[in-house]
Amino acid sequence: MHHFTYRDGALHAEGVNLVDLAAHVGTPFYCYSTATLERHYRVFADAFGGRDTLICYSIKANSNLSVIKTLAQQGAGMDVVSEGELRRALAAGVPPSRIVFSGVGKTRDEMAHALQAGIYGFNVESEAEARALSAVAQEQGRTARIAFRINPDVDARTHAKISTGKAEDKFGVPWNDAAALYALAADLPGLEPCGVHMHIGSQITDLEPFERAFKLLSDLVGDLRTAGHTIDFVNLGGGLGVPYRGTDDIPPHPDDYARVVERAAGALDCRLLFEPGRMIAGNAGILVFRVLYLKHGDQKRFTIVDAGMNDLIRPTLYDAHHDIWAVDEARGQEPALVQDIVGPVCETGDFLARDRALPPFREGDLGAVMTAGAYGAVQASSYNSRLLVPEVIVRGDEYAIARARPSYEDMLAAEHIAPWLTPRKAMGRA
Ligand SMILES: *Cc1c(COP(=O)(O)O)cnc(C)c1O
């Protein structure tokens, strides 16, 4: 469910006509819908109505400050994976008590900053990290609330690059080490082990892996309590999938997900934390491009557009499918043609769609890559010295440029030519 629909023959983001928006902002650009962000957060939160929950939106999916603030105003906490993301959350006014810090490689500086800020807790991914965090906390005279991230060795049945809960993935600590690690943490002076964390992967479209993982987690909480630990929260991570292919692959509804959670963890008498990212932001964003040229190769029809893999890397990195719509509704109703949609970047992997039956785009047409709100702009780069793609957020019939396209002057000003490369003025004798 999202708020990108045709009206008066043109695709709109809520009440904003994308033809007009493209004329104002220039292409390519990302466009986010406030109503969609809010709706997704509410659907998720309402699925757990009545329970003591803390829903920490996973900032890495889309870290635009306006997106963070939109969700924070709905009551969302934040899941961060770096000091940069922590600073974004704080800059958007998120209370530190609603922030959790994840990731396998937090530096001591990052730990110190997060402790000073007074965040809710840390998801700890190794014994070495636990020891480092304890030392940093002790230096500050503080105690860090922690949950070990448990790797349950469950196959989330998702793309290999976004599976995180198998024994061979770098994430979490092995299930079998958990008892010893909690005992160690309880002895370390700077730590208070009071939660258990799991996050088994992303774009999960089947509830069964969640069910198995949560059952393991719930058993572990029982064992830890028996061993004398006070476990007051469990963090079930994120991972719920979104529909990338129109209406073909409907992921589980949050209500069904909530039933699985209830069955596995409902009796634990714990605060429940969640870290949804994609499920909140995915369908709330699109990438708008303009068609530059058409080219008929020997075998293929190429539609060359002004957005490339540097703006949206998901198709080439994860073999991801994104629906592509014509902004002009009439064009979308003409008979489809099989084509590749490719960008200007000098890489064969620079495509947005391959061998797909899509509208018969013509030069100058606008198109929209759908479901691009999560893991889109955040992974953009300036490869080929292309300017970082701007981000626009819409609310009703208003829009705001939430991150501007930099200028070429900005791009060049960030670099300095090494002094020895600049010829010195001739000195003294010739
Ligand atoms: C990336 C990540 C998430 C969010 O995953 P989604 O699939 O976007 O919901 C949640 N928790 C952790 C620890 C993550 O690394």
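Cβ atoms are placed via backbone N, Cα and C, with glycine included.
Keep in mind that what you see is a predicted model, and the values were worked out from it rather than measured.
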Can you pick which of ARG278, ARG403, ARG405 TrEMBL lists for the same substrate site as ARG314, TYR318, GLU347, TYR375?
ARG278
TrEMBL records GLU275, PRO276, GLY277, ARG278, TYR375 as pyridoxal 5'-phosphate-binding residues. Which of GLY239, GLY246, GLY308, GLY343 is assigned to the same site?
GLY239
Would you count the other CB atoms within 10 A of the CB of PRO276 (pyridoxal 5'-phosphate binding site), including those on all shown protein chains?
27
Of LYS60, ARG314, TYR318, CYS346, GLU347, which is closest to GLU275 (pyridoxal 5'-phosphate binding site) if I measure between C-alpha atoms? They're all recorded positions.
LYS60
Span of ARG278, ARG314, TYR318, GLU347, TYR375 around substrate - largest C-alpha separation, Å:
27
LYS60, ARG278, ARG314 as recorded positions, winner by CB count within 10 A:
ARG278
Could you say whether, by DSSP, ARG314 (substrate binding site) belongs to a helix, a strand or a coil region?
helix
Determine the Cβ neighbour count for GLY277 (pyridoxal 5'-phosphate binding site): the number of other Cβ atoms within 10 Å of its Cβ.
24
